């Protein structure tokens, strides 16, 4: 899927890196599931965690940035000779900024050494959490807009036809003007007036006094053509927009469409609730102490008076919940990355883009492990706390809430700006 | 100069293969200085002397419509593009010699343009399967052009050229391989220039000289009438 239709990712190493990053990220999630289900011996789980973490950090901090630097440098023709040297330079710059990232954030206790896992994870965590929060905030606002058909303008076939007619008329006007220019050029060429524009100092003086009669008209026509071409591009984009809206309207009338519309309402309520909770968390300066599963069970036990085996149910429910969170976040991320890739890739930079996407994906997954800790009951949290070391987890949650809120509030503003400016 | 008659040729191919550079080269005999992403469709005009050098020489305008986009776009984008496929007289299929995928996508491009349904909003009817017979019966002249020839190393050149020869044969079309940044490939008198000239002559012939009550059918009609020679009039 990630090797897009038109552009090949030619280098074998890029494909390998992306696959390896994805594989190890998924293994981390598997380990969480194993933790909940109690599969494998606990010490062997711990070992696998550590191993996995080391490999992922190695890839994210050393390999991928180096290869990104290498491919960017190989695209620039000037530096072709000393590819490796410049790639190392780029990597060192990256490491410098990566290290500096730790300064403004209160994420470490001072007793950690320089080259410990905690140092690296904390920084990776900051970047990843920022990414997650940005995506979630944007998603929280975009999702109701996409799913609900309430926002769809009504588009009729007549609208589309009218716009298409205008587009074709504009194209015809462009064609007729270009014909005039072509004819004029040809006559000039045949008459031997092959010069385009007088050059040099004397040429400029000459052009002031004697002007070729056709050429002023030509430049005027050329300007008209440029303006018309700009208009045709606008009309094309508008037509494409109308077609897309019409397709969405038709889709919303189908069974699937109605189902998604219904889901959309639920999602919007959920998104609004999330934004609300984020605000409350920040304003009242609290971080959730208990996870949703235990709280849910507490509520059912206390208020509804239903007695059941807390341990047994909490394990299964948290498994399902965590599973859903993992699957939806992986799916959401991959879809977003694919769209992004299609939108911005070109045949030159596809390698760099895939590596960037691998980097983003790896960081995203590492920090989701960090954050998922909050959704799990305490007995399962311990392994993550042990493995990741003593990070200030509360900071990360607070940071997530802040960025989430900012992103959720800014996205409609940016969207409106974008649509009014274009 | 007498009013020159009108002929429309589509230039199709994946993004980034060099269609805009090619069109600029064909129309202005100059290399395009700053190629950039084509949004929508850009048109350019080439003045062509039909049957050059003979007493029947006549000058025609050939409009080259360079439609941008990717073959895997959403249906709504394809429907938008379909508005440009009206009344076409010829198709130039452009692919990148260094990119195999772009050559394979030509099949889908040609089907997209040739199978255009006549419904008002341009919804495509067929399922897009490639069928060799369609191209042998096709009335619209095709030309296959491979770009970025200079980027193929000498050792691989034969292999690439064999592959493209098969491709052109599938389309029942001639092929030209060139580098859009070098005008000498289309220099007057070279075999490429001759092929180009022949292609445009064929387009003009099909447009103006086979109009004896017959008309070039769309593919959907072909399928309905079982591939017979029955053609109906709705052109022009």
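Placed from the backbone N, Cα and C atoms, the Cβ positions cover glycine too.
These numbers come from a predicted model, not from an experiment.
Your range for transmembrane segment, going by TrEMBL and the list A:262-284, A:285-307, is A:262-284. In terms of C-beta pairs under 8 Å, the stretch of A:12-37, A:49-72, A:84-101, A:354-376 lying closest in packing to the transmembrane segment (A:121-143) is A:354-376.
Note on the transmembrane segment (A:396-418): residues 105, 107, 125-126, 129-130, 132-138, 140-142, 271, 274-275, 278-279, 281-282, 287-288, 367, 370-371, 374 of its chain, located 6 or more positions outside it, place their CB under 8 angstroms from a CB of the stretch. Beyond the transmembrane segment (A:49-72), the same-chain residues lying 6 or more positions past its ends with a Cβ under 8 Å from any Cβ of the stretch are 11, 13-14, 17, 20-21, 24-25, 27-28, 31, 83-84, 86-91, 94-95, 98, 117, 120-121, 124, 351-352, 355-356, 358-359, 362-363, 365-366, 383, 387-388. Note on the transmembrane segment (A:84-101): residues 61-62, 65-70, 72-73, 123, 126-127 of its chain, located 6 or more positions outside it, place their CB under 8 angstroms from a CB of the stretch. Mean pLDDT for the domain 'Abscisic acid G-protein coupled receptor-like' (A:251-417) in this predicted model: 72.
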